[in-house]
Ligand SMILES: NC(=O)C1=CN([C@@H]2O[C@H](COP(=O)(O)OP(=O)(O)OC[C@H]3O[C@@H](n4cnc5c(N)ncnc54)[C@H](OP(=O)(O)O)[C@@H]3O)[C@@H](O)[C@H]2O)[C@@H](O)CC1
Ligand SMILES: Nc1ncnc2c1ncn2[C@@H]1O[C@H](COP(=O)(O)OP(=O)(O)O)[C@@H](O)[C@H]1O
């Protein structure tokens, strides 16, 4: 049966804020996201990462998306993924970092698939895969690359599939059709990852533990809110949060921000940008 984290457990999962930290010590979030078809996902993910506490947020996106990301938030450091080098994604002793790969990826696109699969071997930090990167992972080859990452101890892996993506990952690994509460631990064991199967109730597992987050709202059922969640969890990872705790806390903050946005804008009218702007309320709720 799934556990539900207490307010105390959630508060304890938030990395402390060092008052003397500079932006690099706060944590660097690398977002690799946003193909020409879905540039907005990169902007939403990265902006959420900033609000969730990353000290430095950089975005590598398709050349067509660079201008949009910069215009959305001038404080985001955006560049084309044509110039991308995975050597950039490495944590130094006092400079924690994490990478989010896949929001706004087209799972059929060659560049997106290459970047998704490369990230598994190349990103030497905690790595979260979301969106179209999960489509690239949902093959026997993707599964083998994920397992190889685990053996090489490159860093923790977090997967955030919605129901459709979880189904594709399960089919690729021969896992029987099952409920999200059963699929999350089965996928976690197969991929050697922390898996959050998203939905009205989100189930998070590392293969042994199973936690549910059921405090969200139907206001979150809008295209782009998953990209926001990826940025939140990525930012917590970049700040050095323990990976399973980052996934549980990130899903909870996302749910609380959704509720706060719904209180301001109404259940029907919330858009993902409102959820990002409501994140400060969610952090106040956590710290209060
Ligand atoms: N502003 C932007 O740039 C945005 C960009 N985005 C980016 O778009 C990319 C594609 O992601 P996507 O989720 O839109 O499509 P995709 O995974 O191909 O789904 C196809 C099928 O899966 C199913 N399915 C979907 N959701 C489900 C659910 N919750 N629970 C259960 N099933 C679900 C559903 O199947 P059906 O309901 O028909 O059975 C659907 O037909 C990705 O990179 C993402 O980041 C989006 O985030 C939006 C904002
Ligand atoms: N009815 C609902 N109640 C609570 N949360 C929801 C509901 N519908 C969707 N969500 C949340 O919204 C997010 C949607 O993510 P996802 O399906 O990946 O969207 P997208 O790909 O469009 O960004 C998930 O975090 C999910 O848990």
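Any Cβ shown, glycine's included, is placed from N, Cα and C.
Here the structure is a predicted model, which means the values were calculated and not measured.
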Of the candidates 13, 21, 41, 43, the one that TrEMBL places in the (6S)-NADPHX site of 104, 162, 227: 41
Residue among 174, 226, 231 sharing the AMP site, where TrEMBL lists 198, 199, 200, 201, 202 as binders: 226
Nearest recorded site to residue 202 (AMP binding site) by CA-CA distance, among binding-site residues 41, 104, 162, 227: 162
For the AMP site built from 198, 199, 200, 201, 202, 226, further residues of that chain with CB within 8 A of the site's CB center: 162, 163, 180, 197, 203, 213, 216, 251
Candidate with sparsest Cβ neighbourhood (10 Å radius) among 162, 198, the listed binding-site residues: 162
